[in-house]
Amino acid sequence: MGNDDHRRRKTPCGFCMAVFKWIPVLFITAVIAWSYYAYVVELCIRNSQNGIAMIFMLLFYHLFLTLFMWSYWRTIMTSVGRIPDQWRIPDEEVSRLFRADSPETQKRILNNFARDLPVTNRTMNGSVRFCEKCKIIKPDRAHHCSVCSCCVLKMDHHCPWVNNCVNFYNYKYFVLFLGYALVYCLYVAFTSLHDFVEFWKVGAYDNNGYSAQGQLNASGMGRFHILFLFFIAIMFAISLVSLFGYHIYLVLVNRTTLESFRAPIFRVGGPDKNGYNLGRYANFCEVFGDDWQYWFLPVFSSRGDGYSYPTSSDQSRVSTTSPVQRYDAMGDTATSSKKHQRPANPAVAGPAVISIPGRTQRAAGAAGKRQHGSSQV
């Protein structure tokens with residue numbers, strides 16, 4: 001959480017708002033606690049006629065519940081982190097920035113301060129992204145969250161059901177939480193389906209007017225617990241299918257929810273929704289890590305540090321066999337065959353720093369002159 005959020009909590013209104021934010025989490029926790037009673041006590045212990053089947057049902061139920069709750073807890077409790085001080089602009093620079101008489105002057109100030117920072121994202125006017133509330137240069141894919149009152153690395157969205165921002169540090173946990181919640185609901189619905197059907201047989205009458213009691217052993221409120229358990233499991237499963245499927249799609253294309261609505265703007269190339277798309281497997285590993293043993297466990301295994309990310313243009317340049325023209329944070333160019341940087345402005349540097357296409361044309365021109373000279377001889 002940001003410093004502003006901590007200051008708000010010191011006031012009575014801020015304390016009430018902080019408590020109010022936990023209501024969705026408490027609601028989900030209460031539903032899970034009730035489902036545990038309905039499934040374990042009413043469905044398995046009091047209603048099961050087969051002891052071996054009950055043991056297997058409880059075994060898999062607790063396995064899915066543990067993974068579900070573990071992922072949910074890690075999603076809630078993982079901090080959004082704090083942007084280091086080297087991204088923060090000093091107060092005197094901020095004052096000079098706000099006093100600037102033109103956008104070009106502001107752009108120059110920001111670009112000068114961010115010259116050593118690994119930033120490639122830009123605003124619409126080509127300036128480095130700056131957060132006026134946090135007074136920092138925004139890292140790539142970071143956004144300011146008004147609820148958390150701070151800038152969040154690789155912010156996906158703020159989720160009230162976890163009372164936290166879904167971000168670089170807990171995105172894997174969030175996807176696993178959705179997946180295991182869906183598995184949990186489907187498992188509960190599937191294993192309670194038989195008893196749900198038997199519920200409607202209880203109290204029915206045959207053609208002779210005699211009561212045709214069903215096989216459901218539960219009585220009274222116990223039968224209604226099983227009935228609502230099935231209904232609620234199906235209801236949550238339907239809502240989770242679309243949400244989980246959408247985030248799996250985002251993982252495979254390496255895109256956040258915010259980036260799916262507004263494409264990130266790059267220093268070179270402009271707006272591009274697929275700017276971070278490295279291929280499905282590489283995109284998956286960027287979130288879940290390279291070690292398959294940790295893919296489906298809610299432990300941190302994501303690639304990177306949250307501040308810089310490989311782009312699809314980087315990957316395409318690396319795949320070529322010719323000298324690779326690369327761009328640093330401020331747009332300067334260099335080739336991978338020579339380990340030094342070159343100025344981005346050819347007019348200042350002279351002919352020695354012309355980019356690769358220009359160098360090819362100059363080489364062709366020089367070859368033509370040599371050929372012309374040899375013909376005269």
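Using the three backbone atoms N, Cα and C, a Cβ is placed for every residue, glycine included.
Since we're looking at a predicted model, the values are computed, not measured.
What TrEMBL lists as domain 'Palmitoyltransferase DHHC' is 128-261. On the 0 to 100 pLDDT scale, the domain 'Palmitoyltransferase DHHC' (128-261) averages 86 in the predicted structure.
According to TrEMBL, the region 'Disordered' annotation covers 332-377.
Marked as transmembrane segment by TrEMBL: 12-39 (among others).
What TrEMBL records for 51-73 (among others) is transmembrane segment. Long-range contacts of the transmembrane segment (51-73) within the same chain, counting only residues at least 6 positions beyond its ends with a Cβ under 8 Å from a Cβ of the stretch, are 28, 32, 36, 39-40, 44-45, 162, 173-174, 176-177, 179-181, 183-184, 187-188, 191, 296, 298.
TrEMBL lists 173-190 (among others) with the feature transmembrane segment.
Here TrEMBL flags 226-252 (among others) as transmembrane segment. Same-chain neighbours of the transmembrane segment (226-252): 31, 35, 38-39, 42-43, 47, 156, 174-175, 178-179, 181-182, 185-186, 188-189, 192-193, 195-196, 199, 216, 218, 260, 280, 283-284, 287-288, counting only residues six or more beyond its ends whose CB sits under 8 Å from a CB of the stretch.
Long-range contacts of the transmembrane segment (12-39) within the same chain, counting only residues at least 6 positions beyond its ends with a Cβ under 8 Å from a Cβ of the stretch, are 61, 65, 69, 72, 76, 147, 160-163, 188, 192, 225-226, 228-229, 232-233.
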